[in-house]
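Participant: Handing you a structure now.
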Amino acid sequence: MGMKMKREAHGDMLLSTSPPQSPPRPPMLRLPFAVASLGWPLGVSSLVGGTVATWYSSLLIASLWRWDGKKHTTYRHLAQSIYGSWGYWSIAFFQQVASLGNNIAIQIAAGSSLKAVYKYYHPNGTLTLQHFILFFGAFELFLSQLPNIHSLRWINAFCTLSTIGFAATTIGVTIYNGKKMDRKFISHSLQGSSSAKVFKAFNALGAIAFSFGDAMLPEIQSTVREPVRKNMYKGVSAAYTVIVLSYWQLAFSGYWAFGSEVEPYIVASLTTPRWTTVMANLFAVIQISGCYQIYCRPTYAYFEGRILSKPNNRLPIVAFLLRLFYTSIYMGLITLVSSAMPFFGDFVSICGAIGFTPLDFVFPVLAHIKAGRRPQNIKLRFPVLFLNITIVLWFSIVAVLGCIGAVRFIILDTKTYRFFHDM
């Protein structure tokens, strides 16, 4: 059937014969496997529901940008304006968990993609995953010297184009591979024992929920031209149009092409032509390089608020040296953890549950209610309130289930963990 991966039983789970804790990749690469873990009806409905819910919560956050007449340029200060100091520190904690977990995963993903390109041209090359993680870390340290997200706008635009190129390449090759295979041997039924299906479903729900994180939206809004709210609505809607055209197509085409045997990361299922895998990996590195910067900026903002607020530290040369110092410490720690823990992919769902769910689903809805924002049409007030409460409850449950599924995989994979392993 063109499948390169053999499988063997491990308890009631199905694990590949290669190391089970594959390096984390861009979230969209997990979507075909997530849909396959749920089946067509539940998989499609979960993907559509997750997309609509995150689009809706993004609009709620955008609407609160100046809810009290004041400009709130960070998520933390928006939370403080609504809930007080405990709101500020709560959001700071959730953002930090999401940022650290996401950036560690991104750095491992970038390193593994760069290594895949290197191995294509140098099959017997001696460079390891840790070398490429270090190379990517050095590049991100360079980008970290740019003062703010606004200064990264051209890089982020390039990353957006790379996302489209990445999705188009992967979708095209997936369909090509699917048509080359004997469709009689492709099964779309759920595989494994009852318990295996349940835990795979838990992980799948978590992967879908955590694929659309907007945990830094207020920070992005501060760079948008006037009128901010209107342009932010347009930007969010445009972003989710791209998601529908790329994420959905990749998820559905991947499941159609490879059925229940699709690999956890769709690129691993692709066999021909090989050069397209190189393109997909290069697009992936470019795409996530901008995402990395977005998620490290809240940490940088904290240091800037503490250090650069002092008059003596505002001199250009002093400010540059201080910025170089604390960004180097941050990048050094992330690079060290990424190099030492290439199996960190098993922990991504937990970081997503603790970090992204409160930021993406719980806070936007509760903040919207707390701020007294209600539809002008009285008939719509109860349906909107019911929708908001439903989103909070459902995605809180999804976060718990995602954690349960992730802990299950971590327990099963613990024996295979090796620090500084060249995966």
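Here the Cβ of each residue, glycine as well, is placed from N, Cα and C on the backbone.
A TrEMBL annotation is a machine prediction, not a hand-curated record.
In case it helps, TrEMBL gives these features for our protein:
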type	residues	note
COMPBIAS	1-11	compositional bias 'Basic and acidic residues'
REGION	1-25	region 'Disordered'
DOMAIN	28-403	domain 'Amino acid transporter transmembrane'
TRANSMEM	38-65	transmembrane segment
TRANSMEM	86-106	transmembrane segment
TRANSMEM	126-143	transmembrane segment
TRANSMEM	155-178	transmembrane segment
TRANSMEM	238-258	transmembrane segment
TRANSMEM	278-296	transmembrane segment
TRANSMEM	317-337	transmembrane segment
TRANSMEM	343-363	transmembrane segment
TRANSMEM	384-411	transmembrane segment
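Could you tell me the structural context for the features on the list?
Facilitator: If you look at the transmembrane segment (38-65), the same-chain residues 6 or more away from its ends with a CB under 8 A from one of its CBs are 31, 71-72, 78, 82, 188-190, 201, 204-205, 208-209, 211-214, 217-218, 221, 228-229, 232-233, 236-237, 240, 243-244, 247-248, 251-252, 255, 360-361, 364-365, 367-368, 371, 373, 391, 395.
Here the transmembrane segment (86-106) has Cβ contacts under 8 Å with residues 24, 75-80, 213, 215-216, 288, 291-292, 295-296, 298-299, 302, 334, 337-338, 341, 344-345, 347-348, 350-352, 354-356, 358-359, 363 of the same chain, all six or more residues outside its ends.
Counting same-chain residues at least six beyond the ends of the transmembrane segment (126-143), those with a Cβ under 8 angstroms from any Cβ of the stretch are 23, 107-108, 110-112, 114-115, 118, 152, 155, 285, 289, 292-293, 296, 327-328, 331-332, 334-335, 338-339, 342, 420-423.
Long-range contacts of the transmembrane segment (155-178) within the same chain: residues 2, 26, 28-29, 32, 143, 149, 186, 242, 245-247, 249-250, 253-254, 256-258, 266-267, 269-273, 276-277, 279-280, 283-284, 286-291, 293-294, each at least 6 residues beyond the stretch ends and with a Cβ under 8 Å from a Cβ of the stretch.
Beyond the transmembrane segment (238-258), the same-chain residues lying 6 or more positions past its ends with a Cβ under 8 Å from any Cβ of the stretch are 3, 28-29, 31-36, 40, 43-44, 47-48, 51, 54-55, 58, 160, 163-164, 167-168, 170-171, 174-175, 177-178, 181, 186, 188, 211-212, 266, 269.
Nonlocal intrachain contacts for the transmembrane segment (278-296), taken as residues 6+ away from its ends with a CB within less than 8 angstroms of a stretch CB, comprise 25-26, 29, 98-99, 102-103, 106-107, 109-110, 113-114, 116-117, 120, 136, 139-140, 143-144, 146, 149, 152, 155-156, 158-160, 162-163, 165-166, 169-170, 173, 215-216, 219-220, 267, 270, 330.
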Participant: Which residues of the same chain, at least 6 past either end of the transmembrane segment (384-411), have a Cβ under 8 Å from a Cβ in it?
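Facilitator: Sequence-distant neighbours of the transmembrane segment (384-411): 20, 53, 56-57, 199-203, 205-207, 209-210, 346-350, 352-354, 357, 360-362, 365-366, 368-369, 374-375.
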